[in-house]
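Marked as GTP binding site by Swiss-Prot on the basis of sequence analysis: 13-19, 41-43, Arg306, 332-334, 415-417. Here Swiss-Prot flags Asp14 as active site, proton acceptor. As annotated by Swiss-Prot, IMP binding site applies to Asp14, Glu15, Gly16, Lys17, Asn39, Ala40, Gly41, His42, Thr130, Arg144, Gln225, Thr240, Arg304, with the evidence given as sequence analysis. Among the features that Swiss-Prot reports, Mg(2+) binding site is placed at Asp14, Gly41. Here Swiss-Prot flags His42 as active site, proton donor. Under the heading substrate binding site, Swiss-Prot lists Ala300, Val301, Thr302, Gly303, Arg304, Pro305, Arg306, citing sequence analysis as support.
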Amino acid sequence: MGKSVVILGAQWGDEGKGKIVDLLTDRVKYVVRYQGGHNAGHTLIINGEKTVLRLIPSGILRENVTCLIGNGVVLSPAALMQEMGELESRGINVRERLLISEACPLILPYHVAMDHAREAALGKNKIGTTGRGIGPAYEDKVARRGLRVGDLFNREAFAEKLKTILDYYNFQLVNYYKAEAVDFQKTLDDVMAVADIITGMVADVTTMLDKARKNGDNILFEGAQGTMLDIDHGTYPFVTSSNTTAGGVATGAGFGPRNLDYVLGIIKAYCTRVGGGPFTTELFDEVGSEIARKGNEFGAVTGRPRRCGWFDAVAIRRAIQLNSISGFCMTKLDVLDGFDEVKICVAYKMPNGDILDYAPLAAKDWEGVEPIYETMPGWKENTFGVTDVNQLPEACRNYVKRIEEVTGVPVDILSTGPDRVETMILRDPFAA
């Protein structure tokens with residue numbers, strides 16, 4: 001029997017999902033994106049060569065894997081063409097191995113314009129979006145006015161819908177935000193220039209996945225961003241616009257929830273966050289700066305520096321609840337090499353003195369929260385590239401074990417470097 005495995009971020013994104021997806025795709029026939037858009041950069045390093053994928057599933061680098069983009073993904077034709085071009089210039093066959101749901105909402109230039117206009121208007125109170133039109137595209141989906149991949153099959157009908165929605169957006173852009181209008185004809189021409197390429201990759205993703213499951217094929221679902229950025233369960237309003245949790249697989253790919261066998265939560269050995277929003281364990285001292293430097297904590301897509309802090313078991317417990325996490329993959333363990341001590345946040349102290357074991361839901365409920373830490377001895381030895389768990393320093397192994405104890409979830413995979421070979425698989429998700 002085949003296995004269906006979800007890989008998702010259990011923190012605030014940037015946990016290293018792309019590498020782990022790539023690592024495990026030698027076991028699968030299908031890799032599926034089910035939410036988000038080209039706002040998430042998945043960085044892969046294979047034999048020293050760096051690849052950043054934003055929209056196309058990471059399995060595209062394995063020639064025997066078919067990649068699917070489910071209906072929960074918002075798709076930018078421009079971003080898709082750019083990414084396909086980058087991959088095809090390296091000899092990677094994309095068009096015959098990438099299939100797209102016709103129900104994917106389209107991201108078009110007016111979404112990007114609105115994203116930028118809103119963030120500029122918010123000033124210091126901005127959400128910290130990537131400015132790629134993700135949120136406005138999801139808004140159109142929920143408002144039932146958005147254009148979808150399936151609309152590309154009919155140019156006349158597409159043009160008519162585009163005119164109506166562009167009038168709606170341009171009125172706001174010009175009159176409220178004092179921004180420039182988006183040109184109708186250029187938008188139409190640019191999209192129609194690539195319409196045949198995109199429609200040529202359209203498939204019934206739900207039926208394909210159902211057949212694959214019944215055929216006993218292994219399927220891997222690739223999440224983007226992280227659990228604490230989920231539109232419903234994250235630190236609202238400092239969240240993304242999609243469901244980043246395991247439930248997104250059912251709604252964003254049309255795959256029944258009872259058919260999932262294993263949920264792999266990706267966690268860093270510490271925590272990072274990009275943009276605004278609560279971050280209880282954030283470090284503002286030299287330790288935080290050193291973690292950022294050693295971990296090269298800058299966004300793969302935006303280049304923005306990431307905020308860094310100690311491991312937060314309280315937030316992780318919420319992620320476990322939301323996702324039914326089967327096991328963890330801990331990445332960037334080597335970044336903690338050399339510190340005299342390492343810390344784990346095991347509880348939150350509220351301003352009224354209450355102790356919380358699970359993270360609050362809304363951002364406002366995090367105000368004044370203080371972390372309660374357990375402090376453990378650090379290790380001076382170099383763990384970069386270690387591939388045998390018994391070669392890790394005892395203090396390092398104790399740190400991993402303690403995280404397992406305070407979360408109640410085993411660490412099944414350990415990563416000690418960016419290359420796919422710099423990994424220890426203690427329990428294979430497809431054999432679990």
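For all residues, glycine too, the Cβ spot is worked out from N, Cα and C.
The structure, with features from Swiss-Prot marked on it.
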| residue | record | DSSP class |
| --- | --- | --- |
| Asp14 | active site, proton acceptor | coil |
| Lys19 | GTP binding site | helix |
| Gly41 | IMP binding site | coil |
| Gln225 | IMP binding site | coil |
| Arg304 | IMP binding site | coil |
| Leu333 | GTP binding site | helix |
| Thr416 | GTP binding site | coil |
Reduce the DSSP letter at Thr130 (IMP binding site) to three states and note it down. coil
Determine the minimum-neighbour residue: among Gly13, Gly16, Gly41, Gly303, listed as binding-site residues, which Cβ has the fewest other Cβ atoms within 10 angstroms? Gly303
Looking only at the binding-site residues Asn39, Thr130, Gln225, Gly303, Pro305, Lys19 (GTP binding site) has its closest CA neighbour at Gln225
For a quick check of packing: other C-beta atoms within 10 Å of the C-beta of Asn39 (IMP binding site), how many? 28
On a count of neighbouring CB atoms within 10 A, which of the binding-site residues Thr130, Thr416 is highest? Thr416
For Leu333 (GTP binding site), the one of Asp14, Asn39, Gly41, Gln225 that lies nearest, given that the recorded positions are compared by Cα: Asp14
Among the recorded positions listed as Asp14, Asn39, Gln225, the Cα nearest the Cα of Arg306 (substrate binding site) belongs to Asp14
Hey, of the binding-site residues listed (Lys19, Arg304, Arg306), which one tops the CB count within 10 A? Lys19
Considering only the recorded positions Gly13, Asp14, Gly16, which residue has the minimal Cα-Cα separation from Gly303 (substrate binding site)? Asp14
Starting from the Cβ of Leu333 (GTP binding site), draw a 10 Å sphere and report how many other Cβ atoms land inside it. 23
Show me the subset of Asp14, Pro305, Thr416 whose Cα is within 10 Å of Gly41 (IMP binding site); these are the recorded positions I mean. Asp14
